[in-house]
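K.L.:
Take this structure first; my questions come after.
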Amino acid sequence: MQIYYLANIPSPPQGVWHLGPVPIRAYAMCIIVGILVALWMTLRRYTARGGNPDVVWDAALVVIPAGIIGGRLYHVITDNDKYFCSTCDPLDALKITNGGLGIWGAVALGAVAVWLMFKVKGIPLGPFADAVAPGLILAQAIGRLGNWFNQELYGRETTVPWALDIYYRVNESGEYAPISGRSTGEVIASVHPTFLYELLWNVAVCVFLLWAHKAFKLGHGRVFALYVAGYTAGRFVVENMRADDATLIFGLRVNVIVSVVCFVVALIVYIRLPRGQETPEEVDPARSTDAGDSVGTADSQR
């Protein structure tokens, strides 16, 4: 009796389709789906804590563009040799649909933008950050599928049964086009599917955050701190498996160093933040104001 096993994981034959003259890019679609999922989860979680759903929509208008800009800036800065060399086209730095969004920059600039908005509006950031965290890392997991379609950010060559086959892709002119082209069926490498490793890790962290939030009644931003610690722990391992070129500092990939720093900072922040959860009135200060106005109106009518 013979037993047959799956012979490697195939890459998609292409990552771009055309609807007439309009290109439909899988990478962009994965980002959009991830954003929608994160928005849906944040709405449910924030309103369950007593937050105003309008706050989520207002924050989305700020954090989404800020996150995309921050993510692209981080990528371009840390991989500047891909865009600013003698044979490079600097305008490629603007082509985000071709891949290249650094999560560190996205979270950092997005967080700063939301913090400024909440400070102006007088809304506490902690409850919102805790509501965002599980949906954010699930969105990151969905976004990793975009790397699969783009055949990018994979690991070193391997012979494990779950290796990812990278295809030779060409455009309509027959020229090599690894992102926008279509597969010829020729496998040029079998590699560690690091996109899948990170995807699965992110889903596991999402489940853990949902459980920990409920089991330990976490609040005041502690869920978000756990998100940062959990994500960076996995990213540290996966980053060391990747084979793509990266900026090195002291011989280490820049994202490895950033992962270590963020992990340590997240643990310190988690320990220093208050225990327990905020009351609905603390989550949405407008509640207490409205309640006070209602009492004052009722007293004046007596």
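Including glycine, each Cβ sits where the backbone N, Cα and C put it.
The shown structure was predicted, so the numbers you read here are calculated from the model rather than taken from an experiment.
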K.L.:
Of 50-70, 218-238, which span is tagged transmembrane segment by Swiss-Prot?
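P.N.:
The listed stretch tagged transmembrane segment in Swiss-Prot is 50-70.
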K.L.:
Near the transmembrane segment (191-211), which residues from the same chain, at least 6 beyond its ends, have a CB less than 8 A from one of its CBs?
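P.N.:
For the transmembrane segment (191-211), the nonlocal Cβ contacts are 9, 133-135, 137-138, 140-141, 144-145, 147-148, 153-158, 160, 162-164, 166, 223, 226-227, 230-231, 234-235, 237-238, 241-243.
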